[in-house]
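What follows is one structure encoded as structure tokens, with my remarks underneath.
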Amino acid sequence: MSGDRDDKRYPYPKDDAELRRRLTPMQYEVTQHAATERPFTGEYTDTEDAGIYHCVVCGTALFESGAKYHSGCGWPSYFKPIDAEVIDEKMDYTHGMTRVEVRCNQCGAHLGHVFEDGPRDKTGLRYCINSAALNFEAKPEWK
């Protein structure tokens, strides 16, 4: 993990026992211990359906399908969140790298990382997000 989860207080209260009951082991490890799914294994990596991606822990709407694109990195990629206020960014110096960790701003769940190698005609950002941190709500009427 990139830092102490208690250095910021998030509005959504979390109960560890309840999270362990409700989340899969992978969802728990990703969101609570900043684990990472293996590339190209996540449920939403190739999803192209219209809809909204929510935080698996608290349900906050995080990304819209219109901002999703195929980056080839092996994880779902978005060029922007649904709103800047839903994301918390924190420097991550783990694994001998310097990266920017992305968390849900409501509950502090680890989502993934953001990089500056996204589509230049959009934001230039690539939000590289673990499928295990997300729930997808289909919106077929958006197509």
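Note: Cβ is positioned from N, Cα and C throughout, glycine not excepted.
As a summary of secondary structure, the domain 'MsrB' (16-139) carries 28 helix, 40 strand, 56 coil according to DSSP. According to Swiss-Prot, the feature domain 'MsrB' maps to 16-139.
The Zn(2+) binding site feature in Swiss-Prot is assigned to Cys55, Cys58, Cys104, Cys107.
The 10 Å shell around the Cβ of Cys128 (active site, nucleophile) contains 23 further Cβ atoms across the protein chains shown. Taken from Swiss-Prot, the feature active site, nucleophile applies to Cys128, supported by sequence analysis.
Comparing local CB density within 10 A for the binding-site residues Cys58, Cys104, the maximum falls on Cys104.
Here the domain 'MsrB' (16-139) returns a mean pLDDT of 96 for the predicted model. Distance between Cα atoms for Cys107 (Zn(2+) binding site) and Cys128 (active site, nucleophile): 19 Å, as a whole number. Cα spacing between Cys128 (active site, nucleophile) and Cys55 (Zn(2+) binding site): 14 Å, rounded to the nearest whole number. With a cut-off of 8 Å between CB atoms and residues at least 6 apart in sequence, the same chain places Leu62, Cys104, Gln106, Cys107, Ala109, Leu111, Ala133, Leu134, Asn135 near Cys55 (Zn(2+) binding site), listed in sequence order.
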